[in-house]
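Asks: Per TrEMBL, domain 'Phosphatidic acid phosphatase type 2/haloperoxidase' is recorded for 90-204. Positions annotated as transmembrane segment by TrEMBL: 65-84, 91-113, 133-154, 161-179, 191-210.
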Amino acid sequence: MRHKQPWGLWAGAGACLALFGVLLGMVEAGWSSLLHLDLVVDRHLHTTALHDAAWTGSMRTVSSVLEPTVLRVALGAMVLWLWWRGARIAALWAATCGLVQGALEITVKTAVARPRPALPQPVSTATGWSFPSGHAMTAATVIPLFVVIAWPHLRLRTTRMLTAGIAGVLVLLVSWTRIGLGVHWPSDVVAGWLLAGFTLCAVTAAFDTWRPDQRAAELHRLTSRSAERVQRQQARRQSADPF
């Protein structure tokens, strides 16, 4: 049986990679308009951070709660849960997304070696190179994975839209904090988003080519098992209730 190729995912991966290539070229060439925009945005947000302790504290909290280590531990737990529930292809897919994201981040950071912003009176510090933002890239990779895993369990359209909206807000929030705290340029964050999009699209397309429909089938099967378990529990409670 001939399966339909995931051309849409491959196209999405290609688009993200092409846009990232353009952005990388501008950074490497020192394009003045981009560098000026980066500097203006960082200086403006840095001024706000210096004069608003509550705002700065909230950014630090969000940045810490959604830092890459926390998200990777959560992803690891989800992978183990999927494997335990028998969704082996889905587990491998999620794990591969995380591994590819981490490898890409390290490789690009090392190759580009872009210094972080050097602002007067810094409100936060970070180690390592700046491009791309690891926080933004990890959040934009891991959080959508949780949405995809949860999607079959969300039957109502409003619930699905709300979940997707919350996920998007979380990605934007953690990305914003890295600029607001003065540890990344805005273009670092955009680069992280583009590489995350490439990772998700390319890995998903590769798995859907290798094992067509199996990943989605496993996730839907988990939903069916959960529904059956709930029905059995309800039946047991009803049979035990004498009234």
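We number each residue from 1, going along the chain as drawn.
Here the Cβ of each residue, glycine as well, is placed from N, Cα and C on the backbone.
Automated prediction, rather than curation, is the source of TrEMBL annotations.
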Asks: Same-chain Cβ contacts of the transmembrane segment (161-179) under 8 Å, 6 or more residues past its ends?
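Replies: Tertiary neighbours of the transmembrane segment (161-179) are 41-42, 45, 59-60, 62-63, 66, 133, 135-136, 139-140, 143-144, 146-147, 150-151, 154, 185-186, 188-189, 192-193.
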Asks: For the domain 'Phosphatidic acid phosphatase type 2/haloperoxidase' (90-204), how many residues does DSSP put in helix, in strand and in coil?
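Replies: Summed by class, the stretch gives 86 helix, 0 strand, 29 coil.
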